[in-house]
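*Asks:* Here it is: the structure, laid out below.
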Amino acid sequence: MSSTSASPISNITVDDELNLSREQDFAEEDFIVIKEERETSLSPMLTPPHTPTEEPLRRVHPAISEEAVATQLHMRHMAHYQQQQQQQQQQQQHRLWLQMQQQQQQHQAPQQYPVYPTASADPVAVHQQLMNHWIRNAAIYQQQQQQQQHPHHHHHHGHPHHPHPHPHHVRPYPAGLHSLHAAVMGRHFGAMPTLKLGGAGGASGVPSGATGSSRPKKQFICKYCNRQFTKSYNLLIHERTHTDERPYSCDICGKAFRRQDHLRDHRYIHSKDKPFKCSDCGKGFCQSRTLAVHKVTHLEEGPHKCPICQRSFNQRANLKSHLQSHSEQSTKEVVVTTSPATSHSVPNQALSSPQPENLAQHLPVLDLSSSSSSSEKPKRMLGFTIDEIMSR
């Protein structure tokens, strides 16, 4: 039953008022939502209510969400860092274990090769140790090669109390130790003399003039005088002096030469003018040095004099040949001519064989170092003389 009020203004009961108040509340909320939607929407038509998102929550509790995200990231970083630390520790423990295993193997394995010498070691003892080790390994290696070549001989005639060494136990001389051995011996035994195993005659097969690094030079021997040359062209030119072969001839004057460069020098005389002329005879020359040599021939007294007969020569080569004739004549006179007093006093002495002291007394003293004074001797000019040019 519903209770009614006695007010004459309206006939509204209490239940009706409660229902009206509820309807008004709902209507106000709906009005607010509709009003907000109308403000934000572009069309005048009604739209469904706005779906709530995370933005209102962040607006209400902004500090709590940032702290939660920061703590989660920090925990992840800490877990990753701890995992890396554990992996590094495990790797370090594995390395230490491997090093310990290698050290144990090195201590257990026997030493295969001799210890290389140091600066403080005795050089003589080190050298002896290396040589003994090399000789022993060489003998074992040679014995093994013989066994491989003749296996049946060792099978029938081998003694049981001399077992053959196993091939795995043979340690031949390492190839890399040769260079090390040479370097060490050069440092410790630099002053020691080398031993020649081939004897004085060089029986080892290596030429005496050839070194370990230098290549021996080729030798070309002349078949006429056995003179040696290092180049075949020089031997060919030399042999033409024996055969007097002159394959290069001048087209103008017909003069022949042994060498092509001599012909080229000769053609230079024909092809060019002769600006240098002699003032005495009027002869022209291509070069000034040739004219200077020619002027010596016009001197009344040559610059080179013989110390025995005072004969003068224009060229030093002519003086040398003249002095040789004096020496031959003096030796013949001393051998043939003897004094009569010497022959009667010493009858048993041979007349044709004088003593060396007497021979030295009779021979004239020849001074070839200074044939004339420095003032009279002209300065030696570079190049060829006229006689040398004409003798080609």
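Backbone N, Cα and C define each Cβ position, glycine as well.
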*Asks:* When you get a sec, could you say which of 28-50, 304-326 is annotated zinc finger by Swiss-Prot?
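*Replies:* Based on what Swiss-Prot states, zinc finger spans 304-326.
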*Asks:* Can you count helix, strand and coil residues in the zinc finger (304-326) using DSSP?
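*Replies:* Final tally across the stretch: 11 helix, 4 strand, 8 coil.
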*Asks:* Apart from its near flanks, which chain residues at least 6 from the ends of the zinc finger (220-242) lie with a Cβ under 8 angstroms of it?
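*Replies:* Counting only partners 6 or more residues beyond its ends, the zinc finger (220-242) has Cβ contacts under 8 Å with 258-259.
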*Asks:* Would you mind giving the whole-number mean pLDDT across the zinc finger (304-326)?
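*Replies:* Value for the zinc finger (304-326), mean pLDDT as a whole number: 84.
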*Asks:* Counting by DSSP secondary structure, give me helix, strand and coil numbers for the zinc finger (248-270).
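*Replies:* The composition, in the requested order, is 11 helix, 4 strand, 8 coil.
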